[in-house]
Amino acid sequence: MTTTALAGAADISIRLDLSWVDYLMLIVYFGVVISIGFIARSRVRTSMDFFLSGRSMPAWITGLAFVSANLGATEILGMAANGAQIGVATLHYYLVGAVPAMVFLGLVMMPFYYGSKVRSIPEFMLRRFGKAPHAVNSFAFAISNVLIAGINLYAMAIVIEAMLGWPEWVAIVVSAAFVLVYITLGGLSSAIYNEVMQFFVIIAGLVPLTIVGLHRVGGWGGLKDAFAKTDSVKHLSAWAGTGIGNVTNPIGANWLAIVLGLGFVLGFGYWTTNFTEVQRAFSAKNMSAARRTPLVAAFPKLFIPFIVVVPGLIGAAVLGNQLAGTSDATHLSYNDVIPKLIQMYLPEGVLGVAVTGLLASFMAGMAANVSSFNTVFTYDIWQRYIKPKMSDQHYLRVGRYVTIIGVLIGIATAFIAAGAGNIMTYMQTLFSFFNAPLFAVFILGLLWKRMSPAAALWSYLAGIAAPTIVWIAYLNDPSLFATGTAETLYGAIISFVTVLVVGVIVTMFTKPKDVSELKGLVYGVGKIDMSMDAVVGDTAWYRSPVLLGTVALILCVVLYLPFV
Amino acid sequence: MTETTTTPDAAERARLVRSTRRFDLRRLLGGLFLLYGIICTILGIVHGSSDLKQTGGIAINLWAGIGMIVLALLFFLWDRLAPVPEEDILGNLDREADEKAAGEGKQLG
């Protein structure tokens, strides 16, 4: 066995010792994944079935898929790393950065999206503002998404190599092959069903880890004591040191920048305009289910930090001085916290569940990118600009081929990333600049019927350019911002303001769209049928979107109370 | 609304309802967790003492195993009490013409 050989370096290895039972669990899971692909395939008759599940899904499935599409393993490992590094301030990413935006999507924006029957986010751009901004948005989304799929694939390969000892290229090819098979077979339905399954499995893996971890450090009290002795970061207070002019918190931003940058601009930008997420709601069976999708998702999102950030805290308490920003000969990287705790605390059996959950969430993350990429490519690029007016079967076939091509580009990207890691980090940061300006354009366009198509195009482009310039300035002079995260927050705010200013100015000098073309696309213009395709039971009190949204927002405040 | 040329007959419809319900996601989830739960419970019994050493005194496989079996039963129960409504399954079938029109981009300008 390698265990003895590694004993000297065992402290910083995250290699897991899987038994045949654990592998059996893994194999069973991926057997079910492929079966779901075949089951979903039997229901794909039209391109709408393939790309949007025929708009037939109930809210509980789309809601869990909505939260799960974001619960990729990079997210889980990253948020646990944040927990270890900056402590419960990581809650901001959930309670400020996600849930309010999800509530806003369900209550305010979804009626416009679902009511206008658009098939993608770029298509909403097309309906509201016309071809030029649509083309920019479609290409930006398609290109960035397929490359992000590749970057995720590479991130996954590194962790799989460290945990299971598979060579990187094997991890890349095997994972991509699974995604390829089940998305090509069943399209979005495959992706969504697997996301729901992954959601439950990752929870079944992380709950035991949290329980054993907490037990090992002597419960919450023990965790507190551990930090009381050594803590320089204030791991257990979320808002300490965020006063304006008195910023001493590890994020390096004051409370206003956190709320506006992370919460309003980045959070709203990501959750309301990122088609990878919103696509899940578009597949819902009626207006009520579409609106409830992000609201159903908000509730698990509220509680996920307790099984992700808490293990991060446990890691900080137990592993303390073994942790560093990047791993080296004597240190673990913060990203390794969850795998390390799994190795330390989980015996054969629950170990298999946890590893299956992590691998599943890696794959689900990539599948979500691929299934939104193929939709935008087929409907917004191929059908709109290359081969319009073909039969539905043609677009279904194109969708399947594009899926294959998308996965292949993803694999190529992953291999390039393996050779040039830094370029990929830069690209990932760059792509994160695409959401904030899109949200700003949409919100202006939704509220202001005069906003012209030219204004949308130029403000969108300016909103991408502005944070890019700020970011390049920061790369050249790191003293501009306290941390990289702070740069992202301020960059997002700058992008948002740029869009508003450019949008208003250009609108003043250009021709608006005729009001008759804006029905159901702008606030107060035309009416949206809120009971579209309603079924009996949609009116039950516990299915009221306003009630669900309000409760979620109240919980956002309540969950902060223990950590002020 | 245009009628599809290939309206499936009653037998075809009944078959579709059956096959959709047979592979309901809740049954797959129930099956998966039942298997995982049984495996973990057995391991929890067989490896009782070595588990306790690693976890510091919690029989985690036993607890997780029982938890997953309960979860599985809840999925089966939910599936039994609230099967997918027939009109949801068949409605999709009847909308094929509309879906094709949507797929071809005809609803949009």
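In case you wondered, yes, glycine gets a Cβ from its N, Cα and C as well.
Taken from TrEMBL, the feature transmembrane segment applies to A:20-40, A:60-81, A:93-114, A:135-160, A:166-185, A:255-273, A:350-377, A:398-420, A:426-448, A:455-474, A:489-509, A:540-563 (among others).
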Any contact, the transmembrane segment (A:489-509) to the transmembrane segment (A:540-563), with at least 3 Cβ pairs under 8 A: no
The transmembrane segment (A:93-114) versus listed stretches A:60-81, A:255-273, A:350-377, A:540-563: most Cβ pairs under 8 Å: A:255-273
Other parts of the chain folded back onto the transmembrane segment (A:540-563), taken as Cβ under 8 Å at six or more residues beyond its ends: 59, 88, 91, 95-96, 99-100, 102-103, 106-107, 236-239, 288, 291-292, 295-296, 298-299, 302
Leading contact stretch, A:20-40, A:135-160, A:255-273 vs the transmembrane segment (A:398-420) - CB distance under 8 Å: A:135-160
Contact yes or no, the transmembrane segment (A:166-185) and the transmembrane segment (A:20-40), 3+ Cβ pairs under 8 Å, gap 6+: yes
Annotated stretches the transmembrane segment (A:20-40) and the transmembrane segment (A:350-377) touching (3 or more Cβ pairs under 8 Å): yes
Folded-back contacts onto the transmembrane segment (A:60-81), same chain, C-beta under 8 angstroms, at least six residues removed: 90, 93, 98, 102, 152, 155-156, 159, 191-193, 195-196, 198-199, 202, 206, 276-277, 280-281, 283-284, 289-290, 292-297, 300-301, 304-305, 308-309, 311-312, 315, 333-339, 358-359, 361-362, 364-366, 368
Surrounding residues of the transmembrane segment (A:135-160) on its own chain - C-beta under 8 Å, 6+ positions past either end: 72-74, 77, 121-122, 125, 166, 168-169, 171-172, 175-176, 275-276, 335, 339, 358-359, 362-363, 365-366, 369-370, 372-373, 376-377, 380-381, 384-385, 406-407, 409-418, 424, 427-428, 431, 434, 438, 457, 460-461, 464
Distant-in-sequence neighbours of the transmembrane segment (A:455-474), which means Cβ under 8 A and at least six residues beyond its ends: 125, 128-129, 132-133, 136-137, 140, 429-430, 433-434, 436-438, 440-441, 444-445, 480-481, 484, 487, 490-492, 494-496, 498-507, 510
